[in-house]
Amino acid sequence: MENQPDELSTAEAVAEESFLGPIDICLLVIMICGAAYYLFTRKKQESQTSQFKSYSIQPTTVNTMTMAENSFIKKLKSSGRRLVVFYGSQTGTGEEFAGRLAKEGIRYQMKGMVADPEECDMEELLQMKDIENSLAVFCLATYGEGDPTDNCMEFYEWIQNGTADLTGLNYAVFGLGNKTYEHYNKVGIYVDKRLEELGATRVFELGLGDDDANIEDDFITWKDKFWPAVCDFFGIESTGEDVLTRQYRLLEQPDVTPDRIYTGEIARLSSLVNQRPPFDAKNPFLAQIKTNRELHKAGGRSCMHVEFDIEGSKMRYEAGDHLAVYPINDTDLVLKLAKACNADLETVFSLINTDTDSSKKHPFPCPTTYRTALTHYLEITAIPRTHILKELAEYCSDEKEKEFLRFMASTSVEGKAKYQSWIQDSSRNIVHILEDLPSCRPPIDHLCELLPRLQPRYYSISSSSKIYPQTVHVTAVLVKYETPTGRVNKGVATTFLAEKMPKDGEPLPRVPIFIRKSQFRLPAKTETPLIMVGPGTGLAPFRGFIQERDFNKQDGKTIGQTILYFGCRKKSEDYIYQEELEDYEKRGLLTLRVAFSRDQAHKVYVTHLLQEDTDLIWNVIGENKGHFYICGDAKNMALDVRNILLNILKTKGNMSETEAQQYIKRMEAQKRYSADVWS
């Protein structure tokens, strides 16, 4: 109370002063100007994002909530969502399918979100029962020897080893696999079964996609039965509206300084200039190419031997690992695409997710230019899936072309057949489609949203770090073929590598790379015998194996029998690493069995040699517990080799069909039977 008179006198003194002093007036003017600038720029941005409002493609509702933690339950609850779609993806397809399901959920009163299991606390699945009528969907790819994808590994191990009670969790699973691989869709099948064992409720049957056939057809066929089943299960009705929505809004940024613009980096800005280990998928090492030489002697085809310098990178590898290469798209295709969309390639822009709950704020690093996006970030040579065709149709001024795209994007038998013939069988990419449908002129920003991310390409390492600790070697056939439409399609990565030729007097070319660990390994004991089957570039990892065995032999260690089955078309044309292999054979390290399919009237393949060598093979794998390796084509060669091995076990090992199958299963479990194959 003693201070009260002073407070009153102070208030009276303030009251006697003028209402606004000079400083107050200045501050007020600044605030008014700031507010006016904000309103003006906001209106300008809104006009930019709504320039295509004549189409039915509109931005989704923006939720202003931001969430720092990776709690998908909190995000679901705070945004009124009931659907979460998890993805396990190695090449981006699983993530793409998950996004499509989450996006379609709105049509079925199931507002959804996409989630990466690696970024979530998956034990929160226990809390899904607290959200009424909630649903978790899993789009899970199977990778390698029946393994989960890298981003799904922890979740897979958790449901394998855990005993969580998932009663009250409603779920569905769509698996992505390839029938040419032995462990077809193993991950999707296991997760679907295991979730039920843990008490969860399956809302719809397991879907299985086969990438060897038409995985897009498999997905949409499953999806079109999935949604009615969801509606029946939860007692809801479809809104009936198939409204196409934009996931990202465009923001052009002409005033961004050059040092803030992404120029091809995968994650960290300037990471390709300021290199810092550790190097991985999000932080690749910019390696110099020291050697790039042709391995084929004739025949018109090309096979490259490429050596990457990894000195100073602190990257380590073992024989059998994979090297990942981040390629860039062909400049001619980029220019054609830009022309078709009437785009200025130098425009600086960002695509910003309209779903503020999503952990994925941009589809690729932003801000960037359209030139960089089309060159470094987007898969422009991939065969477009049906959802892309459906959205492209909205930009056709010709009604016949619009209906044609909608027809191919439909689920009718005739529409699927036309998609198969006109898109898949004809190998039409986005550039070809826009060339052949001249009235289709989508805005470049929407195309950037629709096209999938450009993925790294993986190659079996064809060297041993025991001999080459500072370099990594790969062996790659240049992909180039003519399509039924008369166009020439080129492999993205091999075309990119073919242009990276070291030249005297010039700096060595550089390529972003990282190393991916593999389970394809030499036996721990050097005296263990082994058989390697690797026709064509399937030889690649075995070159590393043989080098390592040679190194160990020089080191005085006992080396077990080392047998290689190699095949190619003609000895005079495509017998790669011939001199090296024959030298190993002369020195007694290697038993070499070679098939040249076109050097005689009748075709001879490695499978024929294997059938001739039944006693030798039984001696190695049956009597001496040796290791058996296959590398190469999964669709035909690998399957044929496995069947030959089964017959040898039955005839030489006196086993029944079941016993032979079980024997190979045990070999796989003991890492005595390994396959590194591709389709």
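Cβ coordinates are placed from backbone N, Cα and C, and glycine is handled just like the others.
Quantities reported herein were computed from a predicted structural model and do not represent experimental measurements.
Annotated features, as they stand in TrEMBL:
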TRANSMEM  20-40  transmembrane segment
DOMAIN    83-227  domain 'Flavodoxin-like'
BINDING   89-94, 141-144, 176-185, Asp211  FMN binding site
DOMAIN    282-523  domain 'FAD-binding FR-type'
BINDING   Arg301, Thr537, Ser597, Arg598, Lys603, Val604, Tyr605, Val606, Thr607, Asp640  NADP(+) binding site
BINDING   Arg457, Tyr458, Tyr459, Ser460, Thr475, Ala476, Val477, Tyr481, Gly491, Val492, Ala493, Thr494, Trp678  FAD binding site
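In sequence order, Thr142, Gly146, Ala634, Val677, Ser679 are the residues of the chain that are 6 or more apart from Tyr181 (FMN binding site) and have a CB within less than 8 Å of its CB. Annotated pair Tyr605 (NADP(+) binding site) and Trp678 (FAD binding site), C-alpha to C-alpha distance, rounded: 18 Å. Per-site Cβ counts within 10 Å over the binding-site residues Ala141, Val477, Ala493 peak at Ala141. Asn178 (FMN binding site) sits 10 Å from Trp678 (FAD binding site), taking the CA atoms of both as reference points. For the pair formed by Thr475 (FAD binding site) and Tyr184 (FMN binding site), distance between Cα atoms is given as 27 Å, rounded to the nearest Å.
Under DSSP, the residues of the domain 'Flavodoxin-like' (83-227) split into helix, strand and coil as follows: 65 helix, 35 strand, 45 coil.
Checked against Ser597 (NADP(+) binding site), the binding-site residues Tyr184, Arg457, Val477, Trp678 differ in C-alpha distance, with Val477 being the nearest. Close to Val477 (FAD binding site), meaning Cα to Cα within 10 A, are none of the binding-site residues out of Gly92, Ala141, Gly144, Tyr184.
Of Gly92, Ala141, Gly144, Lys603, Thr607, all annotated as binding-site residues, the residue with the shortest Cα distance to Arg457 (FAD binding site) is Gly92. Reported as a whole number, the C-alpha separation between Gly92 (FMN binding site) and Thr607 (NADP(+) binding site) equals 34 Å. For the pair Ser89 (FMN binding site) and Arg301 (NADP(+) binding site), the Cα-Cα distance reads 33 Å.
Closest by Cα distance to Thr607 (NADP(+) binding site), from the binding-site residues Ala141, Gly144, Tyr184, Trp678, is Trp678. Cα spacing between Gly491 (FAD binding site) and Arg301 (NADP(+) binding site): 13 Å, rounded to the nearest whole number. Inclusion criterion for the binding-site residues Arg301, Tyr459, Ala493, Lys603, Trp678: a C-alpha placed within 10 angstroms of the C-alpha of Gly144 (FMN binding site); this criterion is met by Trp678. The Cα atom of Arg301 (NADP(+) binding site) lies nearest to that of Ala493, taking the binding-site residues Ala141, Ala493, Trp678 as the candidates.
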